Amino acid sequence: MATTWPPCRIIRKSGGLRGMWTLEYELQRSGLGPVAGVDEVGRGACAGPLVVAACVLGPGRLEESLDDSKKLSAKGREMLFPLICRYALAYHVVFIPSVEVDRHGVQVANIEGMRRAVAGLSVRPGYVLSDGFRVPGLSVPSLPVVGGDAVVACIAAASVLAKVSRDRLMVAMDADYPGYGFAAHKGYCTRAHSLALTQLGPCPEHRYSFINVRRIVTRSNTRAVAGFTPAPPAEHGECR
């Protein structure tokens with residue numbers, strides 16, 4: 001009879017910050033390690049890249065400090081970032097540019113980013129844990145964990161790597177495209193960002209497949225920076 005991995009007992013044992021290592025440990029003990037966590041940031045932004053990170057942590061590393069990167073302060077994430085880079089057995093960060101998000105759609109770009117992040121690890125994982133949804137096409141077994149960035153250590157580490165990497169890029173982007181406030185809102189659709197979009201029109205880093213960006217382009221008949229032609233969108237999205 002076929003065996004389903006990981007066994008249900010492993011899933012039941014994991015959960016909560018105390019159990020952050022339980023799922024990874026049980027997978028390792030079952031001969032399915034090393035275990036990699038993968039997570040993304042920037043799905044709901046209407047500007048900037050989608051950033052995906054994969055991470056394989058050493059046993060017992062940073063458990064008490066890790067949590068979903070969205071719950072940590074910016075200072076806390078910045079403090080954790082070099083520690084994760086130092087103590088992780090392997091990690092890899094992938095940037096999916098806005099034009100690729102427009103061409104393929106957020107979901108397809110997200111899955112492709114996760115594949116690339118896992119493929120880029122210097123240590124081949126035996127098992128992959130992803131945050132929230134299944135990642136088809138991986139060369140190793142995988143399991144989605146709902147809310148994984150808050151209950152699985154390697155996913156939490158990947159979440160921090162992705163969040164800090166993207167935030168730093170958006171701060172640098174603010175200097176390249178002044179007036180949009182990228183350093184403050186990181187490309188998400190705040191009131192200030194919407195106002196800047198209306199006044200300035202979109203720049204090459206905006207996602208034209210997102211309906212709020214397309215609406216402004218259509219309404220104002222605005223052109224982006226000279227020489228840039230947005231790719232036709234594969235699907236529509238909107239900032240959340």
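Even glycines carry a Cβ here, placed using N, Cα and C.
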Swiss-Prot divalent metal cation site partner of Asp39, Glu40, selected from Asp131, Asp167: Asp131
Local confidence of the domain 'RNase H type-2' (33-222) - pLDDT mean: 91
Glu40 (divalent metal cation binding site), number of other Cβ atoms within 10 Å: 27
Under 8 Å by Cβ from Asp131 (divalent metal cation binding site), same chain, sequence gap 6 or more: Gly37, Val38, Asp39, Glu40, Pro144, Val145, Gly147, Gly148, Asp149, Val152, Ile155, Ala158, Ser159
